[in-house]
Amino acid sequence: MVKIAIFASGSGTNFDNIMQRVKKGVLRNIEVTALYTDQPTAACVQLGQQHGLPVHTYRPKSYVDKLAYEQDVLKQLEAEQVEWIVLAGYMRLIGNTLLDAYEGKILNIHPSLLPKYKGIDAIGKALNNGELETGTTVHYVDAGMDTGQIIAQRKCPIYQDDTKAALEDRIKSLEYELYPEVIQQIIR
Ligand code: GAR
């Protein structure tokens, strides 16, 4: 079993999807040790509890700096013997403390065809720019924002009368297939 930690900041639907696949045995040889979140009131917290997982909640602003915050997170990761970190809607840049401890072992999913539309509101930006297609990307995490080495992408069309909500749903459907596939392939 390879121990992974999932980091999320929001609704946590990718986290939930990964957990369901682990529980069904579709995602094999993976043990999710815990959910880590920087947003103690986010919906992902409840999902983590529903899955019977430890949920570690942090308030980054209560630390003197990012170093102190990540050192605290790292202590917990080491206590759980976590080998890989899977970011699933974790809306914070990873700093040197975690990058050094987990070099080449942090994955992220981002709702655009990187290198296009890095950062926040990637879906809205693709829509407003008149793109005909967009999608999602799984990549390794480095110090930049959505800049690490790309592992895999999936595309979907953008329709003329699309809404952001409809496009987000279309992208998430891709993510629910792509992320577990990549996790299975990369994490061994
Ligand atoms: C996902 O669409 C993911 O690609 C995106 O946040 C969403 C999280 O949704 N990640 C980023 O934008 C990272 N830069 P979820 O909380 O429902 O899984």
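Placed from the backbone N, Cα and C atoms, the Cβ positions cover glycine too.
Pulled from TrEMBL:
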- 3-183: domain 'Formyl transferase N-terminal' (DOMAIN)
- GLY12, THR13, ASN14: N(1)-(5-phospho-beta-D-ribosyl)glycinamide binding site (BINDING)
- LYS66, MET91, ARG92, LEU93, ILE94, ASN108: (6R)-10-formyltetrahydrofolate binding site (BINDING)
- HIS110: active site, proton donor (ACT_SITE)
- ASP146: site 'Raises pKa of active site His' (SITE)
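Distribution of TrEMBL features across the structure.
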{"residue": "GLY12", "record": "N(1)-(5-phospho-beta-D-ribosyl)glycinamide binding site", "Cβ neighbours (10 Å)": "25"}
{"residue": "THR13", "record": "N(1)-(5-phospho-beta-D-ribosyl)glycinamide binding site", "Cβ neighbours (10 Å)": "17"}
{"residue": "LYS66", "record": "(6R)-10-formyltetrahydrofolate binding site", "Cβ neighbours (10 Å)": "16"}
{"residue": "MET91", "record": "(6R)-10-formyltetrahydrofolate binding site", "Cβ neighbours (10 Å)": "14"}
{"residue": "ARG92", "record": "(6R)-10-formyltetrahydrofolate binding site", "Cβ neighbours (10 Å)": "15"}
{"residue": "LEU93", "record": "(6R)-10-formyltetrahydrofolate binding site", "Cβ neighbours (10 Å)": "12"}
{"residue": "ILE94", "record": "(6R)-10-formyltetrahydrofolate binding site", "Cβ neighbours (10 Å)": "23"}
{"residue": "ASN108", "record": "(6R)-10-formyltetrahydrofolate binding site", "Cβ neighbours (10 Å)": "24"}
{"residue": "HIS110", "record": "active site, proton donor", "Cβ neighbours (10 Å)": "24"}
{"residue": "ASP146", "record": "site 'Raises pKa of active site His'", "Cβ neighbours (10 Å)": "23"}
Inset, instruction - Find the shortest Cα-Cα separation between ASN14 (N(1)-(5-phospho-beta-D-ribosyl)glycinamide binding site) and the recorded positions LYS66, MET91, ASP146, and name the residue that gives it. - result: MET91
Legend entry - Greatest inter-residue Cα distance in Å for the (6R)-10-formyltetrahydrofolate-binding set LYS66, MET91, ARG92, LEU93, ILE94, ASN108: 19
Inset, instruction - Given the recorded positions ARG92, LEU93, ILE94, HIS110, state which is nearest to THR13 (N(1)-(5-phospho-beta-D-ribosyl)glycinamide binding site) when distance is taken between Cα atoms. - result: HIS110
Legend entry - In three-state DSSP terms, the structure that LYS66 ((6R)-10-formyltetrahydrofolate binding site) belongs to: helix
Legend entry - binding-site residues clustered about ASP146 (site 'Raises pKa of active site His') [Cα within 10 Å; pool: GLY12, LYS66, LEU93, ASN108]: LEU93, ASN108
Inset, instruction - Give the three-state DSSP assignment (helix, strand or coil) for ASN14 (N(1)-(5-phospho-beta-D-ribosyl)glycinamide binding site). - result: helix
Inset, instruction - Translate the DSSP assignment of MET91 ((6R)-10-formyltetrahydrofolate binding site) into the three-state scheme. - result: coil
Legend entry - Residues among the recorded positions ASN14, ARG92, HIS110 that border ligand 1 - Cβ under 6 angstroms, in sequence order: ASN14, HIS110
Inset, instruction - Would you mind reading off the Cα separation of ASN108 ((6R)-10-formyltetrahydrofolate binding site) from GLY12 (N(1)-(5-phospho-beta-D-ribosyl)glycinamide binding site), to the nearest angstrom? - result: 14
Legend entry - Residue pair GLY12 (N(1)-(5-phospho-beta-D-ribosyl)glycinamide binding site), HIS110 (active site, proton donor) - Cα distance, angstrom, rounded: 14
